[in-house]
Amino acid sequence: MLYVSTRGQAPELDFEGAMLAGLARDGGLYVPAEIPTLTQAQIAAMAGQPYEDIALRVMQPFTGMEPAHLKDLIDRAYAGFGHDARAPLVQLGPNHFLLELFHGPTLAFKDFAMQLIGQLFQDAMRRKGDRITIVGATSGDTGSAAMEAFRGLENVECFILYPHGRVSEVQRRQMTTPTEANVHAIAVDGDFDDCQAAVKAMFNDHAFRDRVGLTAVNSINWARVLAQVVYFFASAVALGAPQRRVSFTVPTGNFGDVFAGWIAKRMGLPIDRLVIATNRNDILHRTLATGEHRKDGVQPTISPSMDIQVSSNFERALFMAYGRDGKAVSQLMDELRDAGGFPVSQGALQALREDYDSGRCSEDDTAATIRAMHARTGEVLCPHTAVGVKVAEEHLAQTPMITLATAHPAKFPDAVEAATGARPALPPRMADLFERDERLTRIANDVDAMKTLIEKRLA
Ligand SMILES: *Cc1c(COP(=O)(O)O)cnc(C)c1O
């Protein structure tokens, strides 16, 4: 299986190459040269199977890996989850279901991809006899998921930069309480943009980059998208696919999750609609509604993991909608950078609308949805999930709707308490999070100091 760049100018790579590269050398994102399909019988055979078995059937064709070996890595990735079903479904109403993706170690769906990527990276490094250094910037969720995934692994060191004093206490403690020596929480005296700029500067220092074997695990990594395809299959089959069609609503920021749903559909899963749910940072909803993809500034919300201005994985959807024309995508991305936006061609807009619907949820409606769902069903939603549930309710039809619950409510206790009056509790298995010892290094907003620290820790 080969992977091509969405900008058409980078070398084609195999699965491992695309995973280790992250971003393609022409600035594009890797996508499979062709999408493998599963027969209706193969999909039907997933009914009642453990999550890990479904994961193997869905992912193996994309990887070219030996099945027993891949299965071993999958088993290790999900062993630490707090629910046997891994991604259980609960019912919200007559035709509306919630897919709980928050039973992983950091209580957000990002664990599904990050835990697997940890195993895949360690495996690749063992085989190559090499080691890598992961450096990432986080506003909260991605960094904690990465540290949980990489802690204790061989041949991998992981440094996460976060803005000092600007992440929630749960998020900070998830980064500062792992005890393994190969994961490092770095509190930067700056904001998230400073952290991100520092990571970028390290990648642009090619000598440093080569010396430490620098790698990124950000949301554009193809292996992360692939791991997310699995729960679309697992949940759809649990509701009667392939005999019965289903639709999904996905709380969306960087478009990785909803694009995984699109891949599932192209593999043969009978998905009717893929509904993109945005908060008031609604660039994707506006794009689908008007055909104009245009940035207009990020506004902070109570669903912060969806506060985006550039939705990086949307480039993959554009590549498909433009008939895999890398040159066209490359021009659009230049226009986005230079002019702040671009019109989507009529043909591409029509292609997007054939698969995706969209909706937007205001701050007031997010809080009202948390409150109403709690009253009507007893379910406590995180603010991101509430955005999804609100938009899903506007798209309910004959087909069963599955809304992705992207985080546990206890990860965002202030917003949930403000809406329901009750503070959500952490699951029992992490109830001692606030008693664990913290370990972090505070550092000035100075890239040279950060590089020195990293090299000293690696020595
Ligand atoms: C990352 C995240 C999202 C957005 O997912 P994308 O794949 O970036 O679209 C939504 N909700 C939560 C809780 C997240 O952490």
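Indices start at 1 and increase along the chain as displayed.
Even glycines carry a Cβ here, placed using N, Cα and C.
TrEMBL lists 3-78 with the feature domain 'Threonine synthase N-terminal'. Annotated N6-(pyridoxal phosphate)lysine per TrEMBL: LYS110, in sequence order.
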Give, as a single whole number between 0 and 100, the mean pLDDT over the domain 'Threonine synthase N-terminal' (3-78).
96
Residue counts for the domain 'Threonine synthase N-terminal' (3-78) under DSSP, helix then strand then coil, are 37 helix, 9 strand, 30 coil
DSSP state at the residue listed as 'N6-(pyridoxal phosphate)lysine', helix/strand/coil:
helix
